[in-house]
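Asks: The annotation active site, proton donor is assigned in TrEMBL to Glu333. If you look up TrEMBL, you'll see His364, Lys492 marked as active site.
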Amino acid sequence: MWTELKAKAAAVADRHMLDLFEADPDRADRFSAQKGDMRLDYSKTNLDDDTRDQLLALADGAGWQAKRDAMFAGAAINQTEGRAVLHTALRNLDGSAVMVDGADVMPGVLDTLARMRAYADAVRGSDITDVINIGIGGSDLGPAMATQALAPYHDGPRVHFVSNVDGAHIADTLQGLDAKTTLVIVASKTFTTIETMTNARTARAWMQDHGGDPTQQFAALSTNMEKTADFGIPAERVFGFEDWVGGRYSMWGPIGLSVMIAVGPKAFDAFLRGGQAMDRHFCAAEGVENMPLMHALVGMWHRQVLGYATRAVLPYDQRLALLPAYFQQLEMESNGKSVTMDGKAVAVESGPVVWGAPGTNGQHAFYQLIHQGTDVIPCEFMIAAQGHEAELRHHHDLLVANCLAQSEALMRGRSLDEARAKVADKFTGGELERQAAHRVFPGNRPSVTLAYPLLDPETLGMIVALYEHRVFVEGVILGINSYDQWGVELGKELATALQPVVEGRESAEGKDGSTRGLVDFIHRHRN
Ligand code: F6P
């Protein structure tokens, strides 16, 4: 199938997208997927009906529907760790049974959710002015992203996020906070992550030294009840979850507590409802109607068939500034793998490098390369029909115009003749040719656009669940396990081994020359 798809891609390589629009007046609608008021337009790509059918056949051949059903039903699809993958249960608000090893997990999920709501309300109604979420990776990126995204709904205490073991992060955050009115939430699935535990201990010492009471002002979010108790956090302030919630998929449950405290249980429920709505769509919509499926197939057309190494996430929404980083973990930690479920080499490229920044800022930074560089970078634009700032409507109109203009420019490009015409009044002869060459845009560059009415909690839930399911489909087609992350282990092990060397308690002997030299440099240049 990959060979056929690659042959097809080669055969249509010179075809211009504008010709596809010319030949099919309904292209924009036919190459868009709709879920409620959300629209994913992938018409500005080089896909045609045949290729799309081939891609759908690829997904069917991989058995994506059966695997999807297995995931929702609680099967242990994370085969290297022998675990179910059930973040969807965390947003299963109607509580229909979800069985893991013969037991319904929903009573536990709903009970924890009720405890979170009660605790969030208590904190919101207390003297607490600031909350610090200490976590990293999936225990940081999701809540940090969502808290910023939902700023218009933020009516609770201020929320800060500390993740990096770099002491600068916690030092800068604690600066100016009142230890007596600060709540620290230690968010860690394992409760062993060195960065998080180091920051948690530093925060505890700070609170003790500044008149706060860590026995009252610490809460924990974890699967590891033993470790939270060892740390001294009483059970009533521990919000637990199970190992079938992956770190990068965990913001829907206890790891989302800081978001809930910020925006309130009602808005958090709306976020869950958005995720659940996307789950239902993913389970019910057929073929081209299925938004996550089509998003995955378009992504694979670009990465695995056409070989484009990266994709840019470009939300035209300042409050989604952290979304590219969040998707980076979601996609790269899930699908950045070289072996299939049975330990064989993956047949094609693994997931792409995901990166990006909000528009319009990116336009003034890296879009130059996207438009005129030698590499093609598929772009994923996101835009709301309206902003929250009703009185600043003209800002939003400009934002929308810029977003739409970028995808149009990428597709349309500018020919040499058009470039010459632009500067013909200023230059002649050889200089005209030289100047015109710099103003040519190759065009025919692909993008997709996700459009929605307003960035409200429900929409945010839909967006995150859309991308989660897209990652799932891509993983199924690649035949990999999207739910483990062995690739992060080696660095952790070596860092642990290097710590005594850096501290000067052990010698660097036995290390490679570069590492020895760098340790020596550090030792000579610190006080
Ligand atoms: O190092 C990777 C990782 O395991 C991520 O998958 C996870 O989100 C992050 O570390 C934090 O882990 P924990 O929540 O257990 O502290």
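Glycine residues also receive a Cβ, built from the backbone N, Cα and C atoms like all the rest.
Each of these features: where is it, how hidden is it, and who are its neighbours?
Replies: Listed in sequence order, the residues of the same chain lying 6 or more apart from Glu333 (active site, proton donor) and placing their CB within less than 8 Å of its CB are Gly137, Arg248, Gln485, Gly487, Val488.
Around His364 (active site), a 10 Å sphere centred on its CB holds 9 further CB atoms from the protein chains shown.
In the shown protein chains, 12 other C-beta atoms lie within 10 A of the C-beta of Lys492 (active site).
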